[in-house]
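Enquirer: This is the structure I want to talk about, given as structure tokens.
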Amino acid sequence: MGLSRVRAVFFDLDNTLIDTAGASRRGMLEVIKLLQSKYHYKEEAEIICDKVQVKLSKECFHPYNTCITDLRTSHWEEAIQETKGGAANRKLAEECYFLWKSTRLQHMTLAEDVKAMLTELRKEVRLLLLTNGDRQTQREKIEACACQSYFDAVVVGGEQREEKPAPSIFYYCCNLLGVQPGDCVMVGDTLETDIQGGLNAGLKATVWINKNGIVPLKSSPVPHYMVSSVLELPALLQSIDCKVSMST
């Protein structure tokens, strides 16, 4: 790590600042209720949602070939057909997809203590939101949780030539804020993108948010720091700056 003070912090969005996984689970529960009450599905409702969850986790999205709405509606259509058999039911798939999506967005909120932390941090350093993913999906989340006003800049991977962990997107972020990689800290919950990307770009430090106490694989990227909550960040940044003061 360099001997300059931290001048900028890059934050991941999903499962770092907002509980995307929890919001997604709530969306799935609403779909299960719909399938059971309106369409009289029984255990098939949960099986369908489990199948969709697997499809989402393996999703490969190419914006030049299709739109995210079509792709994700197809996940539901395939899951329903795989579970129930018979002809494809696009109309039901659309109903499930839009209920899941709207419920999910309703529950994507910035907690009050996270808002307070960002507000205080921004008095000391520049803040940038750096999120991977499809442009439409991520912009809808950003609008739903009303987080844009807490940042000096917002960068969505799906709008750039490359996403995390490519160094180029980190250099782009540095240029936006007028800082050097050695001035910046990356904070995120995903070792393979947030942490590896920060390491690839030569950032001052990487901070892994490990809410569930996961033991990483030996082959995983090694973060400079690990915390269980993003709310631990202000104290950690102070400690990083103290090390700089003692070294200079």
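Positions of Cβ are set from backbone N, Cα and C atoms, glycine also.
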Enquirer: Looking at Swiss-Prot, L13, D14, T131, N132 are annotated for phosphate. Which of K51, K91, K101, K164 sits in that same site?
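Expert: Record check against Swiss-Prot: phosphate site with L13, D14, T131, N132, extra candidate from K51, K91, K101, K164 is K164.
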Enquirer: Looking at Swiss-Prot, D12, D14 are annotated for Mg(2+). Which of D189, D241 sits in that same site?
Expert: D189
Enquirer: Using a 10 Å radius around its CB, how many other CB atoms surround L13 (phosphate binding site)?
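Expert: Excluding its own Cβ, L13 (phosphate binding site) sees 24 Cβ atoms within 10 Å.
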Enquirer: Can you list, in sequence order, the residues of the same chain other than L13, D14, T131, N132, K164 whose CB lies within 8 Å of the CB centroid of the phosphate site?
Expert: D12, T16, L130, G133, Q138, V156, G157, G188, T193, D194
Enquirer: Identify, in sequence order, the residues in the chain of N132 (phosphate binding site) that are 6 or more apart from it along the sequence and have a CB within less than 8 Å of its CB; answer 'none' if there are none.
Expert: Q138, G157, G158, E163, K164, T193
